[in-house]
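S.K.: Quick paste from Swiss-Prot:
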- 1-28: region 'Disordered' (REGION)
- 156-185: region 'Disordered' (REGION)
- 211-253: repeat 'SURP motif 1' (REPEAT)
- 271-301: region 'Disordered' (REGION)
- S283: phosphoserine (MOD_RES)
- K315: N6-acetyllysine (MOD_RES)
- 332-355: region 'Disordered' (REGION)
- 403-448: region 'Disordered' (REGION)
- 412-426: compositional bias 'Pro residues' (COMPBIAS)
- 427-447: compositional bias 'Low complexity' (COMPBIAS)
- 458-498: repeat 'SURP motif 2' (REPEAT)
- 512-564: region 'Disordered' (REGION)
- 528-540: compositional bias 'Acidic residues' (COMPBIAS)
- 589-680: region 'Disordered' (REGION)
- S601: phosphoserine (MOD_RES)
- 615-630: compositional bias 'Low complexity' (COMPBIAS)
- S621: phosphoserine (MOD_RES)
- T639: phosphothreonine (MOD_RES)
- 643-679: compositional bias 'Basic and acidic residues' (COMPBIAS)
- 712-921: region 'Disordered' (REGION)
- 733-752: compositional bias 'Basic and acidic residues' (COMPBIAS)
- 753-787: compositional bias 'Basic residues' (COMPBIAS)
- 795-810: compositional bias 'Basic residues' (COMPBIAS)
- S829: phosphoserine (MOD_RES)
- S831: phosphoserine (MOD_RES)
- 835-861: compositional bias 'Basic residues' (COMPBIAS)
- 871-894: compositional bias 'Low complexity' (COMPBIAS)
- 895-908: compositional bias 'Basic and acidic residues' (COMPBIAS)
- S899: phosphoserine (MOD_RES)
- S903: phosphoserine (MOD_RES)
- 909-920: compositional bias 'Low complexity' (COMPBIAS)
Amino acid sequence: MYGAGGGRAKPERKGGVKEEAGPGGTGTGGNRVELLVFGYACKLFRDDERALAQEQGQHLIPWMGDPKILIDRYDGRGHLHDLSAYDAEYATWNRDYQLSEEEARVEALCDEERYLALHTDLLEEEARQEEEYKRLSEALAEDGNYSAVGFTYGSDYYDPSEPTEEEEPSKQREKNEAENLEENEEPFIAPLGLSVPSDVELPPTAKMHAIIERTANFVCKQGAQFEIMLKAKQARNSQFDFLRFDHYLNPYYKFIQKAMKEGRYTVLAESKNEEKKKSGPTSDNEEEDDEEDGSYLHPSLFASKKSSRLEELMKPLKVVDPDHPLAALVRKAQADSSAPAPPTADGTPAQPSQVEYTADSTVAAMYYSYYMLPDGTYCLAPPPPGIDVATYYSTLPAGVTVSSSPGVTTTVPPPPGTTPPPPPTTAEPSSGVTSTTTTTSALAPVAIIPPPPDIQPVIDKLAEYVARNGLKFETSVRAKNDQRFEFLQPWHQYNAYYEFKKQFFLQKEGGGSTQAASTAEEAPTETAVEESGEAGEDGAPEGMAETGGRGSGKKEAGSSKSTVDGKLVKASFAPISFAIKAKENDLLPLEKNRVKLDDDSEEDEESRECQESTSSVANPSPAAAPPSVAVEEKKPQLTQEELEAKQAKQKLEDRLAAAAREKLAQASKESKEKQLQAERKRKAALFLQTLKNPLPEAEVGKLEESTFGVEDTGVMPCPLLVGGRTLPILEGKPPERPSNRCRDPPREEEREKKKKKHKKRSRTRSRSPKYHSSSKPRSRSHSKAKHSLPSAYRTVRRSRSRSRSPRRRAHSPERRREERSVPTAYRMSGSPGVSRKRTRSRSPHEKKKKRRSRSRTKAKARSQSTSPSKQAAQRPSAHSAHSASISPVESRGSSQERSRGVSQEKDGQISSAIVSSVQSKITQDLMAKVRAMLAASKNLQTSAS
């Protein structure tokens, strides 16, 4: 739980800068404040449920039982139980001081400005103000002189086909400039209806009046906030100086603004423009006749003066409000006028006259309320904003809505420029009434309601993606429950439009319709499932190949057949079928989700292909049609040879991939085995080196390092066995101490040593009976442990007796340096006694020291008056050299240590002869094995190179 930084103090000063103490000071002055902070690391665990509860405010409780004020348990307001002392009506300054009406109004405005950000998005408001400001600028620029970008077709542009005569264009330009100057500098005369006070100055020119008038009109419509914005934006524009309070035209501006608010003033600029429009046609014709000799400009190239693009776009969509009081009367009159006429003798229903479209303004407006879809279908326009969709389409005029009564066809107006399609019952008079009845009754409940422009691109895009990726994509999107894709639900009002677009894109993705011209055309929506299911199952022949690409999406208009579909009219097109064989690449995307590797079952592959092809074709919605009837799916028909070829190709690719993976796995396995073999060889060589030469730990470490170099070159030093003794190996070993590795003394000397040891043992037993019981069992057990294993395997065994015998003086400071240099991993035994056991042979110099120490121990054993303190003083170097390996047992007494050391020496010399013979045999066997392994490794290296 606690991190590495736990408990770390961070001294800081209040001001953020730590003050350093002076050279003589202690740093704890009165002006210095320290903050001691202890930090501990902690883990944070993700708890989604707790986070969701916090976000929903489930941890909040009502304050004092008031559900309007919710606080958490750490809120300081929990300590307040009564706020009556702080209520505004009792304790505010306004209790004694009553504001006047003007002051209260100003205070209310100030409060509104203070708390504006609480209930208003300031960024959105600023963007709206910018937009309104742009509109004002455009309105100010539309005074007839110029637009945002004006047209100039004068002599400034060189035309090589025209003679270069500049006299007439220059005269015309001067004339136009004079007219503009006259218009702009025309003095302003107040109109008769405008009674301007005598103390208010009038603007000098008509242009200045127009600017003031438009600004006042704009501020009246948008609010006083825009006046402040205009004043700030146009601070450097001299034309808007009248907005300043100290300007002489500001009273006139305020007067015009007040008159507009009261409705006593109409904008003069608009009335002038209306007069110009009325008198425009006659005067324009005369001017055109006069100016034909000049530079003629076609009327379509003129800049539009007062026409708004937004109004043009919205004009065809104007519909009478169905909630209007007069709308009920209009609908009643239309229902009376468009009542079904008695059918004629041949059974065809009576057609409503063309007068119905123009007689009423509502029907005339609805004539244009549609838009055409890419496949020839046209839908009714979306309702105007603020009107419910269901009520709008249910309360449409009778001349436009669908009648479900038998014998009455729909009267949806056709697109402009085309005639209304003929009724479908003219061909067969006997069965016409029944067919029309079934169609209209089946299609009446569902109507394609076009979505508004902000939702329509989303629906179109999703329908296209579903047609391309299959129904699984639609299911996954629906499962997310996103608000933007609610139209995927069957109960949604735009679901019919979505299904229609999906079917349209499916036909487009499938390469177009492949039905014959003689079969009845299917309706594009799910509402005509009964007819389309029956006709589609029989109609499309199976041998028809899929048209390649998407080229057959182009259709030509047919002559007589069309399906009248409520608010959806489908123009009839005769499908053109090209028997072009589909390319291999066009069919490959159907096999995206292919089979697993090494799966050879053809049945599984075929079932997967069928499943993928069905997922890419949309099924009709179950809400609109009975589930037993299914629409025929248009999937591409592949021949048996193509399927077999593709399956064989896929199997071959799968097998190749599996073989490549197996090869890679085998290669990696072989490389790992080679690495393991090399590691084993290195360890075996190192182990044999330690068997042949039981070196001290430092030399073992050096030897291990040198074996890496030996392995790389492939050369292994092979020790020679001469007379059962191992000759020294010179490679990789320091040449300083050769006497430690050779067995120079012959067998006779060893026998003499054994005899001397027996004599010493008898003396120690007789002279020191006190320590007999403690030294004897230890020495015996130790000798047993020694003889139970060869000396080669006793590299890590520690001696129990820690006696400091004089023989340890042979370990010089050089040995200590080697022990320090070797890493701890190689220092398996830290006691010098263990290393002494490994090196059984000693140099003649060491033997002399040994004999002297023996004579000293004999003398000390005879005279027991020697104190331990003197012994410690006599051997300071040995004690200091091996202080790391001395245990607390040594404090028992120097005599006990002496007896243990002597017994250990005797045991070591007795076992030396036996150990040497056993070791030589083991070494011979192991060296034979090593030579065989080295020969094999050399062969491997040569073959690998």
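Cβ atoms are placed via backbone N, Cα and C, with glycine included.
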S.K.: List, in sequence order, the same-chain residues at least six positions removed whose CB sits under 8 Å from that of T639 (phosphothreonine)?
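M.R.: Expected: none.
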S.K.: Count up the helix, strand and coil residues in the repeat 'SURP motif 1' (211-253) according to DSSP, in that order.
M.R.: 32 helix, 0 strand, 11 coil
S.K.: For the repeat 'SURP motif 2' (458-498), jot down how many residues DSSP puts in helix, in strand and in coil.
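M.R.: So the counts come to 31 helix, 0 strand, 10 coil.
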S.K.: By DSSP, how many residues in the compositional bias 'Basic and acidic residues' (643-679) are helix, how many strand, and how many coil?
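M.R.: Residue counts for the compositional bias 'Basic and acidic residues' (643-679) by secondary structure: 37 helix, 0 strand, 0 coil.
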S.K.: What average pLDDT does the predicted model assign to the repeat 'SURP motif 1' (211-253)?
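M.R.: Result for the repeat 'SURP motif 1' (211-253): average pLDDT 87.
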